[in-house]
Amino acid sequence: MQLLKTTDKDFSTKFQAFVNERREATVDVSGTVKEIIADVKARGEVAVKEYTTRFDRYSPESFRLSDTFIAEQAVKCPQEVRSALEVAAQRITAFHQKQLPQNIAYTDEIGVKLGLNWVALTTVGIYVPGGRASYPSSLLMNALPAKIAGVERIVMTVPMPGGEINPAVLAAAQVADITEIYTIGGAQAVAALAYGTQSLAPVDKIVGPGNAYVAEAKRQVFGRVGIDSIAGPSEILVVADGKNNPEWIAWDLLSQAEHDPSAQSILITDSETFAQNVTTAVEQILKTLPTQAVAAKSWENHGAVIIVNDLAESIYLLNQLAPEHVELCVDEPQQLAKQIRCAGSMFLGRHTPEAIGDYVGGPNHVLPTARSARFASGLSVYDFMKRITSLQCDQQALQTIGKAAISLAEAEGLPAHAGSVAVRLE
C-alpha cells in the first residue's frame, strides 16, 4: 500500500507514476485466442465441443439448456437470494426505463424534413462467467437494459466447469426472462456468439465480463460484432473526511480489493490520523476476511492512501485517476460531485456504500475501468440501441440547398456526387 502526501516535494512525480501503473495481467493470450476464434469459425460446434471438453471437463449432447433443466436448477437457489434478485431487478428496471430516449422529427425553415429514430439492436449475446466469478447480479445488469431497449433476441452463454452451474445464475436468468442459454465459456463462447455455430445463430453485440481470454476474444471479434468494453480489474476511490467511522471506510476499500489481486482501492483524506485509523481497520478486517488472500494482495500491491491539505484538492487527483467507483463520504457530497468529470459511478454521502450500487441501487454496475472513465460511461439502455437519421427534401428544398452541395462535391473531386444532385435541378 502506497502512502502519498501532496505536501511532499516529489508528490507530482510519484502520483503520475501511480496513475500510469499497469495492473492488468501481463501474459499475452492474443495468439491462443486468435487460434481458438479461427478454429470455431472454421469448424463450428465441433471445435466448441473440443474446447469445452478440454477446458471445462464437460461434454454435453447439446449446449443449449432445456427449459426443464433451467427450472430444476433455478429452484435450488435459496428463496432469500431469489427474493433479493427480484428486488434488484425491480430497481434496475425502474432506473433504466427512465433512460429510454426520444426520437427527433422536425421540418426546418426551407421545408426539409429531418429526423432521428432510436431502434433496438436485433440480437445480443451476454457472457456470464462461471466458477468463482459467477455473479448473478451481473446477469441482471446486462440483460435488463437490453430487455428495456427492446432487443428481440437475447442469448446467454455460461460455462459449466465439471458440469456444475450456480443455481442463482439460472434464477437470475428466470427473473430477467432469458431462456436461450448455452453452456459454453471462454474465448470459444465469444467466437460462437460472433460467428455462430450449427446450433447457435450469431449475435450483433456481445456484452458481459470474463477472464483475460474472454476479454481478448471480445477485442478480436470487435468489428464483426459490437462489444460493451474491455473490462479491467475493479477500482474504488473513497474521498473521506475525518468525521467518518474508519471501519466503514475500511470495509468499502476491501469491497473492491476482494474482487481480484489486481483490483485497486484508494483513500483520499485530509486527516492523517483518520488515514492511519482506516489502514489499521483494514489490517484488522483482513485477518478474518474469507477473501483475505485476494484482498490482501490487492491492498498490498495496488492500494493507496493520499493525504491532501484540503478535500478540494481531491478533485484534480480524482479526475486524473478516472476511477470506476467513487465514494464521497463528506458532509456536502454534491459540492464535490458537480466538479467530477471522470468517474464511472458516484456514491454520495456516508450511508451509500458502493456495494449498494453493485446490487440494488438501480444504476448499472458495469462501469469503465483502467482510466477509461475519461471517455466512456457505464452500461445503459443506449448500449443496446442505435440511431438512424432521416432526411427528406421536396423539389423546392432541393433547389434551395442543392447548389451548395454541387459546389462542395466538385471541390472534393467527386463528379458523380455533383451529378446526382444536378440532374434533379434541371
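Glycine is no exception: its Cβ is also placed from the backbone N, Cα and C atoms.
Per TrEMBL, active site, proton acceptor is recorded for Glu324, His325. What TrEMBL lists as NAD(+) binding site is Tyr127, Gln188, Asn211. The substrate binding site annotation in TrEMBL covers Ser234, Gln256, His259, His325, Asp358, Glu412, His417. Per TrEMBL, the feature Zn(2+) binding site maps to Gln256, His259, Asp358, His417.
Here His325 (active site, proton acceptor) comes close to Ser234, Glu235, Ile236, Leu237, Gln256, Ala343, Gly344, Ser345, Phe347, Glu354, Gly357, Leu367: these same-chain residues lie at least six apart in sequence, with C-beta atoms under 8 angstroms from its C-beta. Cβ packing within 10 Å was compared across the recorded positions Glu324, Asp358, Glu412, and the lowest neighbour count falls to Glu412. His325 (active site, proton acceptor) falls within a strand when secondary structure is assigned with DSSP.
There are 25 other CB atoms within 10 A of the CB of Ser234 (substrate binding site), with all protein chains counted. Neighbour counts were taken as the number of other C-beta atoms within 10 angstroms of each residue's C-beta; across the binding-site residues His259, His417, the minimum falls on His417. When secondary structure is read from DSSP and collapsed to three states, Tyr127 (NAD(+) binding site) falls in the strand class. DSSP classifies Gln188 (NAD(+) binding site) as helix under the three-state reduction. For the binding-site residues shown (Gln188, Asn211, Gln256), fewest C-beta neighbours within 10 angstroms: Asn211. Nearest by CA distance to Asn211 (NAD(+) binding site), out of the recorded positions His259, Glu324, Glu412, His417, is His259. For Tyr127 (NAD(+) binding site), the count of additional Cβ atoms within 10 Å of its Cβ stands at 28 [all protein chains shown]. On a Cα basis, Glu324 (active site, proton acceptor) lies 13 Å away from His259 (substrate binding site).
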